[in-house]
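Take a look at the structure below.
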Ligand SMILES: Nc1nc(=O)c2c([nH]1)NC[C@@H]1CN(c3ccc(C(=O)N[C@@H](CCC(=O)O)C(=O)O)cc3)C=[N+]21
């Protein structure tokens, strides 16, 4: 199984974005709303901030305390919606437990034209009717890699493992639009891999995906993130898969960096830059 370096592909795309921004004299501004002090959230926000910085853009971290009230979050979203200097807004998830019941209300309050996560119901709905606006960065990352390694996609057999609203559901719609044969399952079973050309595995556990049942030449995209002490594991057992032919986008160094790169592309589009092959649904 050949490992795909998400970092290398990401740097290629980021360099191109940086060049285009400079040519168009654009300096995009991303506002990140962070509620509470979840350690992983702070790590991911740091990665996003550095990435925006490398493009020459600006990041505003709008932090609210763990016990922030629902109205405080809604007021902050409203303020950023109306701030002309802000091109993109994202609400870092997960929220503190007490606020989780309002997650969809918060996401719906973000201006769809600034929704660089692609989580707004209008942007999600536009995926269904084939007139995509912003699309979820994780889904864009997986589709980008699939097109690079498995084009033409029409007729390919695709297996998606999981049910998340930010990856599996939008990605299923995107593969349907590419005329793929798409199956979705909540949990991984090697028997499901029969004849599969592209598999995106989000639900599961560290190293549960082994070589058995995988078609020679398949593309596997690992989208599971499990921290154990300081190491990060994915669903796929890279060791075991080294015995067979094919491609693996691994964790770490795969979906993560590509996801952030797609966030940068969405942010550049929100700032008015036209992308050569605009993120299509
Ligand atoms: N509103 C919102 N949008 C998100 O897109 C969002 C979110 N909330 N909450 C959390 C998840 C998770 N996520 C990741 C981002 C980067 C890496 C990434 O780059 N990981 C590195 C390792 C990072 C490290 O541990 O050093 C890698 O896989 O190579 C992973 C996961 C975005 N998320």
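Note: Cβ is positioned from N, Cα and C throughout, glycine not excepted.
Per TrEMBL, the features are as follows:
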type	residues	note
BINDING	162, 163, 164	NADP(+) binding site
DOMAIN	5-117	domain 'Tetrahydrofolate dehydrogenase/cyclohydrolase catalytic'
DOMAIN	136-271	domain 'Tetrahydrofolate dehydrogenase/cyclohydrolase NAD(P)-binding'
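Shown in sequence order, 202, 203 are the residues of the chain, 6+ apart in sequence, with a C-beta less than 8 angstroms from the C-beta of residue 164 (NADP(+) binding site). In sequence order, 168, 184, 186, 200, 201, 202, 203, 223 make up the list of same-chain residues 6 or more apart from residue 162 (NADP(+) binding site) whose Cβ falls under 8 Å from its Cβ. Shown in sequence order, 160, 161, 165, 167, 168, 169, 186, 202, 203 are the same-chain residues outside 162, 163, 164 whose Cβ sits within 8 Å of the Cβ centre of the NADP(+) site. This prediction places the mean pLDDT of the domain 'Tetrahydrofolate dehydrogenase/cyclohydrolase NAD(P)-binding' (136-271) at 97. Long-range C-beta contacts of residue 163 (NADP(+) binding site), restricted to its own chain and to partners at least six residues apart, with a cutoff below 8 Å, comprise 169, 184, 186, 203.
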